[in-house]
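Copied over from Swiss-Prot, here are the features:
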type     : residues     : note
ACT_SITE : Tyr312       : active site, O-(5'-phospho-DNA)-tyrosine intermediate
BINDING  : Glu23, Asp96 : Mg(2+) binding site
DOMAIN   : 17-130       : domain 'Toprim'
REGION   : 178-183      : region 'Interaction with DNA'
SITE     : His47        : site 'Interaction with DNA'
SITE     : Arg154       : site 'Interaction with DNA'
SITE     : Arg155       : site 'Interaction with DNA'
SITE     : Asp158       : site 'Interaction with DNA'
SITE     : Tyr163       : site 'Interaction with DNA'
SITE     : Trp170       : site 'Interaction with DNA'
SITE     : Arg314       : site 'Interaction with DNA'
SITE     : Arg501       : site 'Interaction with DNA'
ZN_FING  : 591-617      : zinc finger
ZN_FING  : 628-657      : zinc finger
ZN_FING  : 670-696      : zinc finger
Amino acid sequence: MEVRGLQPKRQKTFARKHLVIVESPAKAQTIEKYLGTQYVVRASMGHVIDLPKSRLAIDIEHDFQPEYITVRGRAQCLKELRTLSKQSLQVFLASDRDREGEAIAYHLAQSIQAYCDTPIKRIVFNEITPHAIRAAIGHPVPIDTAKVNAQKARRVLDRLVGYHLCPLLWHKVKNGLSAGRVQSVALRLICEREVEVKRFVPEEYWTVEGTFEKDKKSFSALLILIQGKKAVFKSKQEATSAIGLFSQSEARVSQIRSFEKNVRPKQPFTTSTLQQCAANRLGFTSRKTMQVAQQLYEGVSLGTHRVGLITYMRTDSVRVSEAAVKEVRAWIATHFSDALPGTPNRYAAKGKSQDAHEAIRPTYVAHTPERIKAHLTRDQIRLYTLIWERFVASQMTDARVRSLTFEITAGPAVFSATETQVIEQGFYRVLKMLSPKDLSKAVLPPTKEGEVVALHNVQSVQHFTQGPVRYTDASIVKMLEEKGIGRPSTYAPTISVLLDRYYVTRIQKQLMPTPLGKVISDLLTTYFHDVVDVSFTARMESKLDEVEEDKIKWNCVIADFYPAFSEKVSTVMKDLNSMRGVFDEKTDVVCSQCGDTMVKKLGRFGFFLACGKFPECRNTQPVPLAKCPRPACDGNIVGKKTRGRKEFYGCTRFPVCDFVTHFKPTFAVCPQCRCFLVEKSNRRVGTYTACVNPECRYVSPTRKNLSLGKEAVLDGSHRGAQDKGAVQHYE
């Protein structure tokens, strides 16, 4: 019987689409705009499958097989990706094309295939642009299992080293410490450099400079020979005696030498050279450089659309695609046609370069810094400018410079003056932020050999020999790369771990080991020399590269290393005496809660004071650095941090006393007003100490400011722009 008016319920249908899985939401947002409505782009938020943090999870008895689990907090994300995969026509895995990205793609594929039979494809690209994404969709590739195995070997190796060394450090030194295959080598390098710095004894020496004039144009020259001998003097008296030998002599230009040379543009950035340049030019830490580069790579809104501005930023290759070379040459031909070489410039890859990616370059050279700066943050535009200038310059003609040297003879003395001028701009024409700083303007007057020049003034200048300098972010990255330690993706995290663990501190951009870092490094160097040996670590990196090239099996690398290492750990754990409490130091500070004396201890973030009756009394407080200089205030000055983690120094009696300074107090006392001294620095005299009291102009004498005189420090460096707002509410 038919019942009119009743219709069968219509089943809801899901419009099946293509699913693209990337690592980050920002990357997903950019790519989704390129692909249109037939694609859904989702982020895995990094690894969804990894080793558990709570246990070793390596089956040593069965070829070191890792026991993976779903990463804590990622189960819901993985569930959603599986559900979307089942509803999709096909799945594209678009994680990064390095080892970590390949492992992410592999684990996602395994998880999805266990849940549904939706076709899964791997796509790779070097830049996030519409053309690159569509080309990758049209040309999927197999998952690189050799690269996955290299990541697995690295992960297992680091887990074995960490999970054996960390308990040893906890048991013998203190809880919460860590050690790692790469970070411990970097720590050793920093500690060894610190020893070299401490051992170095500066030696005084003097040079002589003369001021000459020709046709009313003055120029300076350095005394290089006196009576046929090198003009370097051990004391001011020797320099003064030498001046007396020629001060009344006639000065003539005895020789003029001129030569020209080509200056080749530098190759495009790799991860290492980008971090070094950003540190030197912009003052960026390695971590900040990579964070900003990640933002530029994943995509930035340019008003009407979102675009990835640079290619993948973790690379050790200087290779550039032919399409990019063609594009930049067309741009140069339009804007600097006379600086376009006849053929493209080619740059040789280093021996250990993986060459999987291109060099770091802008995705569109037409996006000049001036054109897009309104859409970028200050940090983004500064880093982008470095990358853009370096890439464009790399495909321009050589610059040509002329070096002109005068030798001037005055009696038994020979002076030398040199200037370097650019005679053909070449690639210098495009450089603004990266313009060279070592090229001088014309300073030497036109003259001929044999002509007389007037010697107006002679002065002796004090110097001290320069010893080894502490590592900075730039120099430690350069050293790690030169030694073959780590890979582009590990440089910034390695430095960050050392800082976060308080093994190293960064003071005025210099990396200095803490007492804790020195103890850890000494212990590991003494008992685990192979693990923290530079050449051993470099060889291990080479073996991981061979795994990636499918030349050796990943578990063979582990098997060659683990037995001897495990035996060594057991021996040290048994024989090494405990070092717990080695940093503890009794003080005369009284506990404010129980009246017992406080003990100076070393924690994760530096020294602090703890009650001597711990655990009965758990009172802690910062270590006092100085007495508060305020009249009638009995508080102490301690280190504090703002919400933005910037350090400053204030009184313990805040808010009753609101004394604040941003300069680090020393334990020294001003001999004039009895306030404490603080550390300061400027480019002219380096680091020095000065009184915190703005009414007192005391500056402690140092080797550097002795050579310039006290006035050189006070002429605006000590009481200048740097001091404004540095000491607040003093009166």
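Glycine is no exception: its Cβ is also placed from the backbone N, Cα and C atoms.
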Outside the zinc finger (628-657), six or more residues from its ends: residues with CB under 8 Å to it: 606, 621-622, 663-665, 675-676, 692-693, 730
Packing count at Tyr312 (active site, O-(5'-phospho-DNA)-tyrosine intermediate) (other Cβ atoms within 10 Å of its Cβ): 26
Spatial separation of Tyr163 (site 'Interaction with DNA') from Asp96 (Mg(2+) binding site) - C-alpha basis, Å: 28
Winner by Cβ contact number (other Cβ atoms within 10 Å) across the recorded sites Arg154, Arg155, Arg501: Arg154
Rounded mean pLDDT for the residues that make up the zinc finger (591-617): 85
Remote residues contacting the zinc finger (591-617) - C-beta distance under 8 A, at least 6 residues beyond either end: 174, 176, 501-502, 514-516, 583-585, 623, 639
Neighbourhood of Tyr163 (site 'Interaction with DNA'), C-beta criterion under 8 angstroms, separation at least six: Leu56
Listed recorded positions (Glu23, Asp96, Asp158), ranked by Cβ neighbours within 10 Å, top entry: Asp96
DSSP three-state assignment (helix, strand or coil) for Arg154 (site 'Interaction with DNA'): helix
DSSP residue counts for the zinc finger (591-617), split into helix, strand and coil: 0 helix, 13 strand, 14 coil
C-alpha spacing of His47 (site 'Interaction with DNA') relative to Asp158 (site 'Interaction with DNA'), in angstrom: 17
Among His47, Arg314 [recorded sites], residue with fewest other Cβ within 10 Å: His47
Cβ neighbour count within 10 Å of Trp170 (site 'Interaction with DNA'): 14
Three-state secondary structure, Glu23 (Mg(2+) binding site) (per DSSP): coil
Secondary structure content, the domain 'Toprim' (17-130) (per DSSP, counts of residues): 40 helix, 25 strand, 49 coil
Of the recorded positions listed as Glu23, Arg154, Tyr312, the one whose CA lies nearest the CA of Trp170 (site 'Interaction with DNA'): Arg154
Residue from Glu23, His47, Tyr312, Arg314, Arg501 whose C-alpha is spatially nearest that of Arg155 (site 'Interaction with DNA'), among the recorded positions: His47
